Ligand code: MRU
């Protein structure tokens, strides 16, 4: 058997005293890795979308907290733990919707509850951050394997935003089955929605899938219905930023539109997400905080103004797809469907 000759890019690399971060704002024009040395660098990188995608945000924040732990000069353990909690709260303000951010930060904070010294605390926190990243890679591969069972050779599958390798540790969630299909020589065709306002589909999904030689076709968001009908799209798969206890799912703005189209065309609509994206503490999607971002993202495209000065703008970065529109949620533990409240409770028991 020959080794497949394709590349799957990575966005976050831990260097012991700094983080190398793929600057996703510059893809596809420039492939540049930034060196983040402080917790402020990390906050800014997350807030300005240099790193984005729920699991990658969590991983970067975890390494940011690890950096702050290594740089902490506290002598007493109590002060060290208090500083870590404050830094956790600071990083948690960088973006509101993706629950992976607080999930990863809280995991690190909890890891140092029972340490005996500041030094042990530092080692433990770094180790935990490395684990968060390593586990995410394994989890994404499992999601890809489960998702692949839902497709047939030659299927045409639509997606939105970028739920790919650079949005995670590796492989991605919604894009993982396409990498695995490539490894197994199964032909699948991806139709990527460009994803206004900041074009994660056009800039990132096409870039990473083309490097892996996955067959990808770019469309603008308003071409989705026509494309489903005229190209015979078989199914839609998306990622998630937060999934409530009843399966309601927040993901990139425009996802809800695709779920409604899937229902209209009677094709399956799948969500792919790790357990770290679930928020079982909230009963339904109405409790998910939806980030509203700067008006400039809408009034400009890549820095070029396209709307009149002073126009009123509404710019929600995410929407919530109600559970009844979701055919299945693909996790590392398998695919949940039907009675989401019960199925999701079982996932966590
Ligand atoms: O604003 P972004 O680019 O962080 O939004 C990302 C998404 O909506 C992704 O689909 C989601 O985080 C899943 S990434 C595996």
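Including glycine, each Cβ sits where the backbone N, Cα and C put it.
In this view, residue 95 (substrate binding site) is surrounded by 21 other Cβ atoms within 10 Å of its Cβ, with every protein chain counted. Look at TrEMBL and you will find 52, 53, 54, 95, 200, 251, 252 tagged as substrate binding site.
What TrEMBL lists as site 'Transition state stabilizer' is 161. Using a 10 Å radius centred on the Cβ of residue 161 (site 'Transition state stabilizer') and all shown protein chains, the other Cβ atoms total 28.
In this structure, residue 241 (active site, proton donor) belongs to neither helix nor strand by DSSP; it is coil. As annotated by TrEMBL, active site, proton donor applies to 241.
Less than 8 angstroms from the CB of residue 241 (active site, proton donor) sit 54, 97, 98, 99, 100, 250, 251, 252, 277, 318, each of them six or more residues away in the same chain. Cα to Cα, residue 161 (site 'Transition state stabilizer') and residue 52 (substrate binding site) are separated by 11 Å.
Other Cβ atoms within 10 Å of the Cβ of residue 54 (substrate binding site) number 29 in total over all chains. Take the CB of residue 52 (substrate binding site) and look out to 10 A: across all protein chains shown you find 26 other CB atoms.
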